[in-house]
Amino acid sequence: MKYNILAFAVPLFVVFMLLEYFVAKQKKLKLFDLHRSIANVSIGILERLTDVLAAAVFYGVYDYLQKTYGIFEIKPTIAMWILLFLGTDFIWYWYHRLAHEMNVLWAVHVVHHQSEDFNYTVSARITLLQAMVRTGFWSVLPILGFPAEMIVVMLLIHGLYPFFVHTQVIGKLGFLEYFLVTPSHHRVHHACNDEYLDKNYGDVLIIWDKLFGTFKKEDEKPVYGLTHQLNTYSFMWQHFHFFIELWIMVKREKTLKGKIKMIFGSPNLIDPAAREKAESVFGIKHHEEPLQQRLNNYVVWQVIFMLITLFFFILFEFELGAMEKFLFTTFTVLTLINCGAIMEQKKWVFAVEFLRMLVIGSALYIYNADYHIVTFFICAVLALLALFYRTVEERYLSVVYQEQ
Ligand SMILES: [Zn+2]
Ligand SMILES: [Zn+2]
């Protein structure tokens, strides 16, 4: 059997998150908010999952580009590995800088910056869309002639490093501060203090920021998150709110030139009122205060369950068929939406539970030889629900939201 050892990234990250949590607790630092951590980890779960599905496509793109358009024939010598490392990091700097300077790219990168906390769980805030945009930027490498095998290995190493800089428990790191992106540098990048905005874009090396004038040392205490905080745990909203705001702004522009300028221009062009308009259209609740209500264990257990199943899903990825992958992905996405909706105290979460049951029912149908029992089971559930929908819904909501 062939295993995908990348699965071990999941427990590795979880161990570091727990370690940071206990260190912070010992130092009496309040670095973790349960709701925010769940929102962060939820985004990471979907990214890991979709990345597993998309990795072959990314590899294929690099391989095709190198074989078709590769300018030089590059062999994996030490000098070339060093050059590849520098090239990867240099392209990252420009990808990241443009992701902060152009609305259309900020729409996908903004997800990484929504958390008002700063801890290891924040590093999980990457989405498939971000991965796709990055792949686009890194396509320069195969065109230069770097083979896909080399690029993929480099991206793995390059992808692991930034996890470790998302922490407040590590102070400044002496001489490493001169050339590496350290936790201190990245704290500045995630801060919304005026003097810290649009600084420290580097991923592994901080030299690019120093070279291109975007470097800032950590002096005053950073305040984390967006300049205009999102204040919602809605899973979908975190992913798509900026696309909708951008759409509202583009529609408002009268000329084609104005529309193009809005799409490729700076996020500063976005009127803060566009957020409010988008929120009112989609009925998004705005928490002025963090949720006081005790979070139901149900959400915590669902996240734990998803992390465990995600580990096994990645580990046995090569053994799974397309249908199994589809069902697992659908179930996971529904569960993530469900968790976000519970934190938002949405009543429609009950309907999401049905969709999840439908996926389980379909899986039983596909993988169970005894269709009669499954059919009977599904019919019985449907009949019971048709009869007692309101009562079941009320009971469910009162249990989930712990209403008396
Ligand atoms: Zn950024
Ligand atoms: Zn970051």
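Glycine is no exception: its Cβ is also placed from the backbone N, Cα and C atoms.
Summarising the annotation, TrEMBL assigns transmembrane segment to 6-24 (among others). If one looks beyond the transmembrane segment (6-24) by at least 6 residues along the same chain, the residues whose Cβ comes under 8 Å of a Cβ in the stretch are 30-32, 37, 41, 44, 48, 52, 119-121, 123-124, 156, 160, 163-164, 167-169, 307, 310-315, 317.
Sequence annotations record features per position, and here TrEMBL assigns transmembrane segment to 45-62 (among others). Listed as Cβ neighbours of the transmembrane segment (45-62) (distance under 8 Å, sequence separation of 6 or more from its ends, same chain) are residues 4, 6, 9-10, 124, 126-128, 130-132, 135, 138-139, 141-142, 148, 151-152, 303, 306-307, 310, 313-314, 317, 325, 328-329, 332-333, 336.
Marked as transmembrane segment by TrEMBL: 74-95 (among others). Among residues of the same chain six or more beyond the transmembrane segment (74-95), those with a C-beta under 8 A of the stretch's C-beta atoms are 133-134, 137-138, 140-141, 144-147, 149-151, 154-155, 158, 201-205, 208-209, 212.
The domain 'Fatty acid hydroxylase' annotation in TrEMBL covers 81-214. If you average pLDDT over the domain 'Fatty acid hydroxylase' (81-214) in this model, you get 94.
As annotated by TrEMBL, transmembrane segment applies to 135-157 (among others). With a cut-off of 8 Å between Cβ atoms, the residues of this chain six or more beyond the transmembrane segment (135-157) that come close are 6, 58-59, 61-63, 65-66, 69-74, 76, 80-81, 84-85, 87-88, 91-92, 94-95.
When Cβ-Cβ distances below 8 Å are used as the criterion, the transmembrane segment (295-316) is approached by residues 1, 3-8, 10-11, 14, 34-35, 38, 41-42, 45, 48-49, 52, 328, 332, 335-336, 338-339, 342-343, 400-402 of the same chain, each at least six residues removed from its ends. If you look up TrEMBL, you'll see 295-316 (among others) marked as transmembrane segment.
Summarising the annotation, TrEMBL assigns transmembrane segment to 322-341 (among others). When Cβ-Cβ distances below 8 Å are used as the criterion, the transmembrane segment (322-341) is approached by residues 38-39, 42, 45-46, 49-50, 53, 233-236, 238, 299, 302-303, 305-306, 309-310, 313, 348-349, 352-353, 355-356, 359-360, 362-363, 366 of the same chain, each at least six residues removed from its ends.
Packing against the transmembrane segment (348-367) from elsewhere in the chain are residues 323, 327, 330-331, 334-335, 337-338, 341-342, 374-375, 377-378, 381, 385, 393, 396-397, 400: each is 6 or more residues past its ends and has a CB under 8 Å from a CB in it. Residues or ranges marked as transmembrane segment by TrEMBL: 348-367 (among others).
If you look up TrEMBL, you'll see 373-392 (among others) marked as transmembrane segment.
Secondary structure counts, DSSP: the domain 'Fatty acid hydroxylase' (81-214) has 93 helix, 3 strand, 38 coil.
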